[in-house]
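Working notes, beginning with the structure itself.
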Amino acid sequence: MEVLFDIISWVCLVSGSFFCLTGGIGLLRFPDFFTRIHAASLTDTLGASLILVGLMFQAGWGLVFAKLLLILMFSLLAGTTASHAMAKASLKSGLKPLESDDAEKDGVPEGERPSQQ
Amino acid sequence: MYELTALILLVVMGLALVRAFLGPTLYDRILAVNNFGTKTVLLIAILGFLGGRPDFLDIAIVYALINFISIIAVLRFFEYSSKRPMDEES
Amino acid sequence: MITHYPVLQVIIPLIGAPLCLLFPVPRLAGLFALLVSSLAFLVSCGLLQQVMVHGTLVYALGGWAAPWGIEYRIDYLNSYLLLLVSSMSTVVLIAAQSSIRRELPQNRQTYFYTAYLLCLTGLLGILATGDAFNVFVFLEISSLSSYTLIALGTDRRALTASYQYLIMGTIGATFIIIGVGLMYMMTGTLNMNDLAERLPEVNHSRTVLSAFGFFIVGVCLKLALFPLHLWLPNAYAFAPSIATAFLAATATKVAVYVLIRYVFTVFGIEYVESVLPLQEIFLVLGLVGIFAASVSAIYQLNIKRLFAYSSVAQIGYMILGLAIGTQLGLAATLLHMFNHALMKGALFLAIGSVVYRINSSQLNHMAGLGRKMPWTMAAIVIGGLSLVGVPLTVGFVSKWYLVLALLEKGWWLVTVLVLISSLLALIYVWRIIEWVYFTPARIHLSEVREAPLSQLVPVWILVIANIYFGLDTSLTVGVSKLAAQSLFGLFGAAP
Amino acid sequence: MNIIGLYNYWIVVVLMAIGFFIVIAHENLIKKLIGLSIFQTAVFFLYISMGKVVGGTAPILDDKWHLYSNPLPHVLILTAIVVGISTTAVGLALVVRIQEAYGSIEEHEIQTLNAQDQIECQLEAYGFMKNNAFSVKSLDE
Amino acid sequence: MTALAITRMNDLFAVVMLSGIYSLMSAGFFLDLDAVDVAFTEASVGAGISTLLMLASLKMVKRYEGKTKYKPMLALGVVGATALLLIYGTLDMPHFGSADAPIHQHVAPRYINDSMAEVGVPNIVTSILASYRGYDTLGETLVIFTAGIGVMSLLRVSRETKDQQQKRVPADMQQQIILRIVAKMMLPLILLFALYVQFHGDYGPGGGFQAGVIFAAGIILYTMLFGLSTARLVFKSSLLQKLTAVGVLLYAGVGVACMLLGGNFLDYNVLRHDPVHGQHLGILLVELGVGITVATVMITLFFKFTWRTVKHKYIEQ
């Protein structure tokens with residue numbers, strides 16, 4: 001049982017960190033804000049939960065487990081909500097997702113910015 | 001195993017930090033900071049296990065909380081002063 | 001209860017401050033602050049008397065013995081200064097009642113009194129404590145509250161002055177904690193006496209030297225020693241008059257106390273002299289400070305600013321006394337701390353009354369005021385003469401001892417310079433007299449009357465004290481000599 | 001002398017220098033405050049570093065551990081952090097007020113305005129402004 | 001590190017964000033050096049509260065730093081001299097992490113070895129903070145109180161205008177429905193967590209100060225999403241003002257009670273017959289006092305700052 005838990009937790013940790021890594025690279029390399037937030041927030045949620053679950057397997061029942069659970073809940077709620085809020089706020093402020101034809105340019109040119117709602 | 005995870009998290013934090021420096025828009029920075037924050041939470045959790053005293057997860061909770069609150073604060077900041085939304089580049 | 005005196009000294013204003021905030025009516029808050037301050041004054045009288053009888057008092061806070069807990073250690077030096085601070089605070093608060101009502105809007109008065117009591121707490125706490133880190137904590141209490149006091153001034157320049165003070169003061173405080181930290185690192189203790197015992201073992205190390213350096217620079221920032229004085233004139237000039245009177249009379253004295261305490265008690269004078277030419281540095285800075293500040297004072301139009309510069313100059317005298325490095329020199333410094341508090345307290349309170357009546361502290365607005373407010377103006381003149389060092393005033397006594405100490409050391413040139421600098425003081429005091437008495441009022445002043453009694457009384461208490469202690473020097477000179485002796489006797493003789 | 005053993009303190013020095021430089025050299029009042037807090041944080045590092053014992057653990061007693069880091073610097077720094085935030089808060093409040101009063105938080109602009117205030121006083125003193133720039137307030141007690 | 005970038009940027013907003021990151025990093029660093037409580041505090045204060053305050057005041061001022069006319073030579077000189085002095089000082093320091101440095105020999109061993117028997121609290125930091133050096137902590141509470149007084153007096157608005165104008169201020173972030181619901185769900189959790197930190201400080205990292213900050217953070221979150229006027233219904237400024245004073249008074253009152261019971265000031269041993277129980281009670285009350293003061297002062301600070309900026313935004317147009 002111990003070994004099984006260890007293996008599960010390791011798998012979770014490794015895959016979680018893999019997702020985090022991809023998210024980080026995406027955050028750095030993607031061309032505009034919306035693709036970046038896509039990369040970062042999705043992998044972030046998955047990666048963070050996997051790592052936390054992996055830790056939970058290590059912790060066993062107890063206060064530590066409860067705290068990890070709390071962090072997990074919190075990061076699920078807060079992370080997703082924050083991403084949503086960010087995306088919405090940026091959209092409202094006039095940042096526009098990249099269309100396929102202007103993918104080379106970084107961000108939106110000055111003149112094409114939609115006016116304030 | 002913890003070490004590996006911690007290392008990867010550090011790398012990701014580095015990447016987020018680079019994004020935060022580079023910009024180019026404000027929201028990129030906010031995103032990077034947010035990402036950096038969540039990674040810090042994880043890192044602290046891992047460090048707790050690494051050091052053999054996992055009962056210090058309180059700090060990770062506080063980090064998560066603070067991270068969330070500061071993101072909201074920042075967003076609200078821009079609801080007020082969104083006259084010039086992308087005045088970041090220059 | 002008598003055994004608790006050392007802590008009561010600080011605790012009374014400490015508890016008084018939050019209570020003061022609870023008063024709904026500013027006037028009551030003011031009276032309450034006065035009550036608290038006078039209680040503190042009574043306690044400090046008791047303390048001085050006890051120290052005279054029993055010698056050094058030690059009080060372990062929380063019941064934990066010294067190096068583990070924090071202790072209060074009251075000896076001649078700090079009981080003398082505790083008395084000074086609490087008495088000045090009480091006298092100033094008497095005048096505050098009416099002056100604050102005029103100078104500040106209703107809704108800020110309660111805050112003013114609270115901040116005032118906090119500042120008092122901080123200053124008393126610095127004086128009483130025997131713990132190096134505790135000094136920092138109370139230093140911050142007093143500085144934060146004095147930033148607030150200064151920023152409450154009505155002129156917008158008060159804000160920038162306060163900001164500037166905040167930046168400088170925080171840098172100074174941070175330097176002080178770096179110093180304390182390095183000392184702690186080398187000795188493992190924070191208690192001053194313990195430090196004094198354990199520092200000689202590690203005296204040779206460079207860490208202690210740099211700790212000393214940081215500490216001195218930090219304190220000198222707080223002290224407004226000459227090149228680091230830039231924050232002071234503005235801060236004093238634009239703060240509410242009462243705040244200026246209180247800060248000028250006490251705050252810098254407390255900083256000087258910290259310097260003395262560390263140089264003599266913690267590091268020991270031998271160490272200080274062996275590693276740094278501190279005497280020479282202080283001598284030069286003190287003298288340059290005296291001259292530069294006095295000359296600047298001559299060109300000031302704002303009378304508050306004028307006396308603020310004169311404060312910088314007077315700090316120069318105190319530092320000069322320290323630079324002499326003898327027992328007599330130290331005694332002169334201590335004496336001058338007390339006397340300067342008396343003079344500046346009287347002067348700034350009198351200026352407060354002027355501001356109360358004519359709502360300005362510009363010299364030109366005071367033209368011809370000598371006939372309108374004879375008592376107030378007489379107080380200013382006597383205070384000014386005391387600054388110059390005219391016989392029969394306290395200023396003369398402290399200058400006399402300073403000169404004696406200088407002569408004892410054989411520094412003729414410095415003596416001459418000190419005497420010349422007194423002439424500079426005479427010039428700026430004369431400028432005031434000229435404006436006030438010999439210039440016809442350009443603005444219609446017929447409605448201006450003498451200051452109210454509630455302000456005249458404290459002003460004249462201080463003026464009379466100025467003259468009394470100028471004539472009967474037994475108390476002040478006696479205590480400062482005792483304090484100087486104890487500082488040298490206890491720690492100077494150690495190998 | 002083994003220099004390597006001191007690397008932590010050197011980081012402290014670098015951070016401190018940066019913070020201090022911001023305080024002195026920059027003119028923006030908020031940035032000065034940020035510099036001040038960096039400066040203070042550097043000092044916190046100094047204290048915490050000196051409390052660390054290699055192989056020790058956090059000073060919360062537990063049966064499994066025997067070597068603890070020194071708790072005293074932690075206590076001191078807790079106090080210092082509180083002091084730091086208090087200073088920052090008061091400083092920011094001042095900045096807000098300065099912004100209201102001057103319309104700027106750049107040091108040289110404020111200095112210019114202050115100098116103007118000063119000059120007005122001087123001019124008035126020597127009789128160039130005769131109108132009632134200064135008025136006797138209500139004088140009845 | 002981040003600090004370098006901060007010096008370079010002239011967008012104040014970005015600088016504030018970066019300083020948030022900086023203090024998160026430094027908190028991580030503290031954690032690595034075993035200073036759990038410090039990391040806790042630095043995270044909540046440096047990254048949380050001070051960033052919030054900076055943002056709130058940034059709303060008022062220009063976002064960009066002006067071109068500074070540097071006097072770099074002088075500044076560099078001063079900074080260089082300071083750094084050199086410190087480096088010079090480091091040369092004789094005991095090495096980082098060595099267990100035989102003087103600070104681990106003299107005073108600290110007693111805390112580590114005897115505090116369990118003398119104070120009976122596993123968290124040594126708490127026992128030093130609240131008992132051995134409890135007076136410092138009283139001072140610290142007073143510092144916070146002073147800051148509260150300072151900000152209150154500086155950013156005071158008169159009551160009449162406030163009442164008239166408050167109605168005109170719209171609640172903020174109306175459109176972020178998801179955010180509001182999530183925040184509503186989280187608020188009780190946050191407050192519960194604050195209480196946990198408050199009363200668990202004896203056994204784990206935490207204590208009155210951290211708890212106060214977390215509590216305040218919860219309230220601030222609520223304020224940001226539901227508007228200042230809503231939050232003010234619960235936390236009237238006069239109530240806040242009284243509570244700040246009550247916190248300090250509670251702390252000092254415990255001290256005075258000890259004095260009346262025959263001990264020294266803040267000597268908790270006399271509070272109960274058994275000294276360790278007395279210590280427990282004393283620490284509990286004292287931490288509660290700290291918590292109250294910190295929480296209320298932080299909330300007050302935030303309210304004052306936001307109120308100023310909101311006023312500028314909506315009323316003075």
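Note that Cβ sites are derived from N, Cα and C of the backbone, with glycine treated the same way.
For reference, TrEMBL has these:
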type     : residues  : note
TRANSMEM : C:32-60   : transmembrane segment
TRANSMEM : C:80-98   : transmembrane segment
TRANSMEM : C:110-129 : transmembrane segment
DOMAIN   : C:131-424 : domain 'NADH:quinone oxidoreductase/Mrp antiporter transmembrane'
TRANSMEM : C:165-187 : transmembrane segment
TRANSMEM : C:207-225 : transmembrane segment
TRANSMEM : C:237-260 : transmembrane segment
TRANSMEM : C:280-299 : transmembrane segment
TRANSMEM : C:306-325 : transmembrane segment
TRANSMEM : C:337-356 : transmembrane segment
TRANSMEM : C:377-398 : transmembrane segment
TRANSMEM : C:410-430 : transmembrane segment
TRANSMEM : C:451-471 : transmembrane segment
Any residues 6+ beyond the ends of the transmembrane segment (C:410-430) with a Cβ under 8 Å from its own?
283, 287, 290-291, 294-295, 297-298, 300, 306, 310, 313, 317, 320, 324, 381, 384-385, 387-389, 399, 402-403
Sort out for me which stretch, of C:110-129, C:165-187, C:207-225, C:306-325, C:337-356, has the most Cβ pairs below 8 angstroms to the transmembrane segment (C:237-260).
C:337-356
Selected stretch (most C-beta pairs under 8 A with the transmembrane segment (C:80-98)) from C:32-60, C:110-129, C:306-325:
C:32-60
Counting Cβ pairs under 8 Å to the transmembrane segment (C:280-299), which of C:32-60, C:110-129, C:306-325, C:337-356 comes out on top?
C:306-325
Positions on the same chain near the transmembrane segment (C:337-356), where near means CB under 8 A and six or more residues out:
80-81, 84, 88, 91-92, 95, 98-99, 102-103, 241-242, 244-245, 248-250, 253, 256-257, 303-304, 307, 311, 314, 317-318, 366, 369, 373, 376-377, 379-380, 382-384, 386-387, 393-395, 397-398, 451-452, 455-456, 458-459, 462-463, 465-466, 469, 476, 480
Mind checking which residues of the chain, 6+ beyond the ends of the transmembrane segment (C:207-225), have their Cβ under 8 Å from one of its Cβ atoms?
139, 143, 168-169, 171-176, 178-183, 185-186, 199, 231-232, 252, 255-256, 258-259, 262, 267, 272, 275-276, 278, 285-286, 289, 311-312, 315-316, 319
Out of C:110-129, C:165-187, C:306-325, what stretch is closest in contact terms to the transmembrane segment (C:377-398), meaning most Cβ pairs under 8 angstroms?
C:306-325
